[in-house]
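Taken verbatim from Swiss-Prot:
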- Cys4-Cys19: disulfide bond (DISULFID)
- Cys11-Cys23: disulfide bond (DISULFID)
- Cys18-Cys28: disulfide bond (DISULFID)
- Cys28: cysteine amide (MOD_RES)
Amino acid sequence: STRCQGRGASCRKTMYNCCSGSCNRGRCG
């Protein structure tokens, strides 16, 4: 998984969010 900082940070693709330091599809939690 791609690392990222903060929450809801836009990752390389749309509909990806920053959750627990990694880019995940959809919403966090």
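Glycine too: its Cβ is placed from the backbone N, Cα and C atoms.
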For the disulfide-bonded residues Cys4, Cys18, Cys19, Cys23, Cys28, work out the Cβ neighbour count at 10 Å and name the residue with the minimum. Cys28
Just to verify a number: CA distance, Cys19 (disulfide bond) to Cys28 (disulfide bond), in angstrom, no decimals. 6
